[in-house]
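*Asks:* I'd like to ask some things about the structure below.
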Amino acid sequence: MTTSWSDRLQNAADVPANMDKHALKKYRREAYHRVFVNRSLAMEKIKCFGFDMDYTLAVYKSPEYESLGFELTVERLVSIGYPQELLSFAYDSTFPTRGLVFDTLYGNLLKVDAYGNLLVCAHGFNFIRGPETREQYPNKFIQRDDTERFYILNTLFNLPETYLLACLVDFFTNCPRYTSCDTGFKDGDLFMSYRSMFQDVRDAVDWVHYKGSLKEKTVENLEKYVVKDGKLPLLLSRMKEVGKVFLATNSDYKYTDKIMTYLFDFPHGPKPGSSHRPWQSYFDLILVDARKPLFFGEGTVLRQVDTKTGKLKIGTYTGPLQHGIVYSGGSSDTICDLLGAKGKDILYIGDHIFGDILKSKKRQGWRTFLVIPELAQELHVWTDKSSLFEELQSLDIFLAELYKHLDSSSNERPDISSIQRRIKKVTHDMDMCYGMMGSLFRSGSRQTLFASQVMRYADLYAASFINLLYYPFSYLFRAAHVLMPHESTVEHTHVDINEMESPLATRNRTSVDFKDTDYKRHQLTRSISEIKPPNLFPLAPQEITHCHDEDDDEEEEEEE
């Protein structure tokens with residue numbers, strides 16, 4: 001007779017006796033199928049699944065799509081007067097990464113941590129460090145809130161732009177026709193600041209996306225530029241069985257229709273053998289021209305789209321939700337009203353950490369799932385180059401050994417220079433495994449600004465939302481403990497606090513004999529007055545009082 005898990009967990013002490021030690025190891029799915037958790041989320045509480053389209057439902061192939069955007073932007077710059085030589089540049093995917101900051105004053109690309117400390121600094125293709133860096137950044141630090149000067153290149157659409165900025169700065173710095181200055185460059189009596197150059201690039205990128213031929217060239221060759229996954233119809237059909245599904249994209253209807261038709265263009269439906277269905281049938285609500293992040297605030301007028309012409313019908317839509325109708329504009333409040341859902345009922349899935357994740361989290365309280373396509377490469381390096389990580393751990397052990405028997409009375413100064421050089425070399429090798437700018441999430445042991453934003457705003461994240469296919473809709477995504485250094489570096493061994501020298505070490509915060517304390521207080525106060533405060537001391541809670549990030553709703557549990 002087998003024992004159920006619930007029976008075993010009635011008495012925690014019985015669990016090891018009923019299981020072999022191998023069974024106690026936590027089961028984890030394949031790394032490339034995993035969904036990673038920052039804040040616990042119970043899937044059975046999600047009533048609506050929301051999607052962005054670009055780089056979420058429709059993942060653009062890299063580097064083909066970035067190369068196309070890069071070429072079109074360069075052509076636009078040349079058409080407005082930039083040098084013809086720029087047409088010789090080709091997109092190099094090994095250089096840029098997301099989350100870099102462009103300094104519009106000095107023309108530098110910066111990789112920073114959450115607090116603005118510099119991790120990497122590049123002027124064009126030249127990586128600068130040491131005294132050269134301190135001339136422009138005396139404390140190796142930037143004020144991130146100075147948005148007039150510092151621009152964060154956070155999206156996947158920013159990758160071609162990031163590399164183009166490096167190309168331009170390098171060209172104008174090194175081309176003999178131009179005189180390089182600290183804040184720009186000169187051509188005779190003409191001066192161009194890096195700020196002006198940056199604005200030209202921003203305008204060119206916007207022109208390519210909204211007025212140029214980027215979308216036209218994309219739909220002309222969808223197989224070349226868009227990833228098509230046969231598991232997409234299956235996952236969305238399963239989501240629709242347990243809740244409502246909506247699409248909210250900034251793209252217009254004509255482009256959305258062509259992309260989505262391609263993504264769902266299979267001879268069968270959700271499963272082999274089932275009949276083919278149009279892409280619209282997988283959604284309860286379709287909303288285009290969303291204009292995120294404005295969409296998560298005041299939004300825009302909600303209008304109806306004529307799906308035959310792609311044009312908008314006149315007037316504001318004020319009716320109830322109707323299946324088969326495509327809407328334009330609106331706001332996140334509109335979605336909640338039409339679907340009959342409130343903030344935490346909705347899991348919104350997108351790739352844009354600001355436009356999709358931050359705003360939906362801060363303004364609406366929606367649960368958030370961030371799609372990070374680069375995570376596949378990050379996991380590959382993490383697993384394939386494990387020897388580098390292991391060597392760093394070994395070097396830390398060697399370093400600790402040198403100081404093992406030394407305290408403040410020691411005059412001995414161990415020579416750690418060779419270990420330090422090796423640590424720097426191994427750390428550099430590790431960084432270069434990700435690309436010239438290193439990992440999206442860290443430089444050495446320090447986390448990047450992008451990593452801190454992911455941890456702060458994304459409840460869940462993965463390389464692809466398709467990974468949800470490998471979890472049941474009753475799953476509890478439980479966040480792992482985030483350990484501080486005094487927890488991650490100290491073994492779970494007994495320490496006698498009475499032997500510690502700290503004056504607070506013997507302060508017992510776990511239990512107090514309240515009855516004895518009450519008696520003593522009563523002896524002291526009874527002669528003064530028979531009147532006592534209603535409560536002389538707090539009682540130790542007998543039930544759970546702390547929020548443990550288990551996505552629990554106490555009121556709902558009580559109602560049940």
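Any Cβ shown, glycine's included, is placed from N, Cα and C.
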*Asks:* Quickly, which of Ser408, Ser417, Ser443, Ser527 does Swiss-Prot have down as phosphoserine? Just give the residue.
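*Replies:* Comparing Ser408, Ser417, Ser443, Ser527 with the record, Swiss-Prot tags Ser527 as phosphoserine.
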*Asks:* In Swiss-Prot, the residues Asp52, Asp54, Arg202, Asp206, Thr249, Asn250, Ser251, Lys292 are said to bind IMP. Which of Lys45, Lys215, Lys240 is said to bind at that same site?
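*Replies:* When Swiss-Prot describes the IMP site, the candidate it includes is Lys215.
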*Asks:* Return only the integer: C-alpha distance in Å from Arg202 (IMP binding site) to Arg456 (ATP binding site).
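*Replies:* Cα to Cα, Arg202 (IMP binding site) and Arg456 (ATP binding site) are separated by 28 Å.
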*Asks:* If you measure from the Cα of Asp54 (Mg(2+) binding site), which of the recorded positions Asn154, Lys215, Asn250, Lys292, Ser418 is the nearest?
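*Replies:* Result: the closest of the recorded positions to Asp54 (Mg(2+) binding site) is Asn250.
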*Asks:* For each of Arg202, Lys215, Lys292, Arg456, count the other CB atoms within 10 A of its CB; which of these binding-site residues has the top count?
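*Replies:* Counting Cβ neighbours within 10 Å, the top one is Lys292.
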*Asks:* Can you give me the Cα-Cα distance between Arg456 (ATP binding site) and Asn250 (IMP binding site) in Å, rounded to a whole number?
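*Replies:* Rounded to the nearest whole number, the Cα-Cα distance is 24 Å.
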*Asks:* Cα within 10 Å of Asn250 (IMP binding site) is the criterion; apply it to the binding-site residues Asp52, Asn154, Asp351 and give the hits in sequence order.
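*Replies:* So the list reads Asp52.
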*Asks:* Please report the Cα separation of Lys215 (IMP binding site) and Asp52 (Mg(2+) binding site) in Å, rounded to an integer.
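*Replies:* Cα-Cα distance, Lys215 (IMP binding site) to Asp52 (Mg(2+) binding site): 17 Å.
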*Asks:* Other than Asp52, Asp54, Asp351 themselves, what residues in this chain have Cβ atoms within 8 Å of the centroid of the Mg(2+) site's Cβ atoms?
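*Replies:* Counting only non-site residues, the set is Met53, Tyr55, Thr56, Leu57, Ala58, Leu156, Thr249, Gly350, His352, Asp356, Val371.
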